[in-house]
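Let me begin by presenting the structure, written as structure tokens, before commenting on it.
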């Protein structure tokens, strides 16, 4: 049968493992898979684990074929396994076969293009490194690889945690794409709190000597705390549940109770269907990078309400609702929500949502739809322009949500409020300056024309009787005195060429005629 197991391949990186890894691979199986990176790039491979039960690599082995060379076969302890294999081509074939055996994990390898020489495998942990700061490239497909992590994005992760799996948990990279991570190591803490995030469970951890944290652009603050608690009119829902207890007391599970920071009841819908929704108006277009959700709460012992899965819709002013879709598919993305009513679960949006309105649409739930939430992100003008590159890498194919002017996502540059104000001021000031310039220019032209005509009149000795029109009406409030600054030559058909001193003659001064 097919001996290939876990497999995630993206255009620039990927992860491959034998079937049942890290369990025992099957007997008499074959896995043959072609991997490639973009043309013009070289292929880099790293074998993270190899445990094949064979002494001479005849019946069971791993071999890597490229267009010109063969690497392997690898098995058991017959020959040392290279830490890194760099091929001369952009593609290779992974060939794994097994015969009869008792034990063996098989293999796990990662690959990337030559653009990422700092590639690591999914099995590397932070305690493998001694530097306080470093950067590495995680391949696609590390989320479902066996291995524990402890901690969270706020307090940091225990140094025994898997690096790439922790990065997916923190929302620094997407499992489908992989990406670059920047790590800082710090002094450890006495206890690490485990939470579920982005489909990755993190476990509680004990005291450690060191911990590590990921460098980000800071666009992960609470949007509700940033502006203060939003007004009731900014949180609406399709319906809400009103409950009357045995003592006749009325409890309203209204949408304004949906904020995670507000103690007490949550929002609960009056009906149980996937047509129910909870809508939030953020007041202006913002960059939304994540969401935290919980259920009816551990304090409500009589109820065990929570949302298991949900989808997200969003929109801006005068635009239609859009569905948030997966990175590598054109289908709506279904987020994994809560597994109980009390724990908080985080999901990150890679790429982020840039919108004013968002809707959470429950898909599956326990007993009744009930939800408390918190949105994370930042204002658009505060977001770092390098966020796109540090937090996710854009796929070559157009997989992000396509939007109109009102629905630009993070993949497009969004003008800040200061830019909009500058454009408005420019639109007002520039026409005014143009009108003033035209007015001054016309006045200068009229003055120049009148000076020229009078100069002609004086040169030819024209009498005042020959002057007509508005020229006769020009007043002479003062007389210009003689000057000897410059002279020019003037040619006349009837007279011989001579030099005329324009400025030395007494010129009749004028005022601008009425218009």
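Any Cβ shown, glycine's included, is placed from N, Cα and C.
Keep in mind that TrEMBL annotations are predicted by a computer and have not been checked by a curator.
TrEMBL lists 4-114 with the feature domain 'CUB'. Look at TrEMBL and you will find 4-31 tagged as disulfide bond. What TrEMBL lists as domain 'LCCL' is 116-212. Here TrEMBL flags 219-378 as domain 'F5/8 type C'. Annotated compositional bias 'Polar residues' per TrEMBL: 391-402, in sequence order. Look at TrEMBL and you will find 391-413 tagged as region 'Disordered'. According to TrEMBL, the feature transmembrane segment maps to 425-450.
Counting other Cβ atoms within 10 Å of each Cβ, the lowest count among the disulfide-bonded residues 4, 31 belongs to 4. Applying DSSP to the domain 'CUB' (4-114) sorts its residues as follows: 0 helix, 57 strand, 54 coil. When DSSP labels each residue, the domain 'LCCL' (116-212) comes out as 11 helix, 36 strand, 50 coil, counted as helix, strand and coil in that order.
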